[in-house]
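Annotated features in Swiss-Prot:
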| type | residues | note |
| --- | --- | --- |
| ACT_SITE | Glu551 | active site, nucleophile |
| COMPBIAS | 144-157 | compositional bias 'Low complexity' |
| COMPBIAS | 198-208 | compositional bias 'Acidic residues' |
| COMPBIAS | 314-323 | compositional bias 'Acidic residues' |
| CARBOHYD | Asn369 | N-linked glycosylation site |
| CARBOHYD | Asn392 | N-linked glycosylation site |
| CARBOHYD | Asn420 | N-linked glycosylation site |
| CARBOHYD | Asn596 | N-linked glycosylation site |
| REGION | 1-50 | region 'Disordered' |
| REGION | 110-224 | region 'Disordered' |
| REGION | 301-329 | region 'Disordered' |
| TOPO_DOM | 1-274 | topological domain 'Cytoplasmic' |
| TOPO_DOM | 296-649 | topological domain 'Extracellular' |
Amino acid sequence: MGDRSEQYGDIPPISSQHRMHGYGNNGEPAAMPGDGQQNWGSGPGIAHTHSMRTASTATPGMDNLGPSAVGGGISGIALGVANTHDRQSGIDAFRDADATLGYIPAERGYHTTGADNPYVPSPPSVGPGPDESSEGLRSHETFGSSAALSAAGAPAGNWTPPSGSRHSFLDGSYQGVASGPYQRHSAYSSQDYPADINPDDILDDGDDGFAAAPSNKPNAAGGAATGGAAGGLLGEFFGAKKAADASYDPVPGAGLPSVEKYAKPRPSGASRKRGWIIGGILAFIVIGAIVGGAVGGTLGNRRSETASESSEVSADDDTETNGDLDKNSDEIKSLMAMEGLHKVFPGMDYTPWGVQHPECDKWPPSQNNVTRDMAVLSRLTNTVRLYGTDCNQTEMVLHAIDRLELTDMKLWLGVWIDTNTTTNERQLSQLYDILDKRSDHSVFKGAIIGNEALYRAGSTKEEARKNIIDYMRQVRKHFNDHNIDIKVATSDLGDNWDETLADATDVVMSNVHPFFGGVEVSKAAGWTWSFWNSHNAPLTQGTNKGNIIAEVGWPSGGGNDCGDGANCKDDTSGAVAGVKQMNQFMADWVCPALENGTDYFWFEAFDEPWKVKFNKGDEQWEDKWGLMDPGRNLKPGIEIPDCGGKTAA
């Protein structure tokens, strides 16, 4: 992943003499008339509430009135605003900038200029002056299935599958933070998790994110001690033989001597009878204690499992108990009837729980959990994106789509690519196997080969670019040879895209996160649109290539980011994580994007509590990007816009 602090200096400062069009002398956006309404999209006078910010400026880098403009061209903007602003197109838009197209400021600090923005941008002021470092506006860590959003995160593969909580597959309660990625009613047993995994020993896909497993067994040491002591007593009374100097380590400080040390001549007559009586009494007491402990432990477990089927329930147990869930299952019907969900997202990023290799070989993920997830996701979107192929995750998603009869659901396949060629070859082989076995590929929108591989490459970015391009060419050749007609793409930070990478992909897929730019939420939607249109849209103009925002979202809590982490002057500066802020970003972004046809994936549907391990100091947002908690419950206070009943295609 690399130390993110070394990655944040990729944003050149904006020279003071280059005041951007549409901004006042103080660098603030020129305010637009009107106090609460703005015409959006192609329809006449689509009114929005005051939450849709009215301070409007223009998007950079292209002519949004053109037919090839991302987001619908003339139909995707407010015409009244567009006709009052001078615009430059293409490369001309950057002629007076500090740098060429390849070096324009990154998404973390771009002051916009040029044409119009349906999201009413108001980009943040760049912290550093012309002669200062631009470290304050930074890139973010990869969001792929298990990567942390903070540099505090341990390397992939460093965590082991943890214990699950004691909640039912049927209840919606939040399970423990140490319960792994997407620990929504985990079917994994905590009893067998390894205590330690060396990431260097794992042929991994970079997706490991398991936290160490705390023991769920109450009084485990005490129970073992009782068993050891009881075993010793019963062995003595029933003549068991033991090796000399045997140690009963569960007993604190117990290096007990061997039974032979206490051996005595066999008693005769009354002494023997008395010994048997005493022995019987003691044996009865010991056996009673053992049975009582076992019953108590069972009842204690059952008490916790009355409200839950805890982590003791395996994936097979789940299927045996609940069957292979489908659209007619009561539990699925309940999930799909959840209030507050609206299908307004063009796409959703998703990683099933427990699809880390090689852990999944021992603790397979639950098909029913994936089916539950897909039931909820089907209420939010018709397109789901995966990040890898390990652990049958793709097959499970496809099975869930079939069981739920989601005829409109489409899937972007994911292939995890890193510096481990064994991982890469395994992932690609699984991709080919999935597609070669199917004659009907209509459910697939494409295959994404790698996520933020360039960002994670650090100083070897150019080599990583060549490798990603080579992998995409390999995949495309296999598809052509096997008559597989789906798109081949990769995804990376918006500021890592250039013409070379764009030429090799069928779709430019950029991850754009205003939160990590320290952008105030009231300006975040416009800033996102402006960045995307300046950095990524020009790369596909005049071509038939697609252009998608592969990740965009906002955390529901955990602090605030001022462009260089949590180093803010107070807790209200910069990008503030919170339910209120998430709601505002959705209000400003979701419906206008739906109206003008902006294609994007929301990050993400469900919280990932295992990422709490990556939180540090005042940066406590790693595990809080979901619209819902890990139990598939809409977070209290979260309001997904209904966009007047309009739904995503």
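All residue numbers here begin at 1 and follow the chain in the order shown.
Using the three backbone atoms N, Cα and C, a Cβ is placed for every residue, glycine included.
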Glycosylation sites listed as Asn369, Asn420, Asn596, least Cβ neighbours within 10 Å: Asn420
Where the residue listed as 'active site, nucleophile' falls in three-state DSSP terms: strand
Asn420 (N-linked glycosylation site): nearby recorded positions from Asn369, Glu551, Asn596, Cα cut-off 10 Å: none
Inter-residue Cα distance where the pair is Asn596 (N-linked glycosylation site) and Asn369 (N-linked glycosylation site), in Å: 34
Secondary structure tally of the compositional bias 'Acidic residues' (314-323) (DSSP, helix then strand then coil): 8 helix, 0 strand, 2 coil
In three-state DSSP terms, the structure that Asn420 (N-linked glycosylation site) belongs to: coil
Inter-residue C-alpha distance, the residue listed as 'active site, nucleophile' and Asn596 (N-linked glycosylation site) (nearest angstrom): 18
Cβ neighbours of the residue listed as 'active site, nucleophile' where a neighbour is any other Cβ within 10 Å: 28
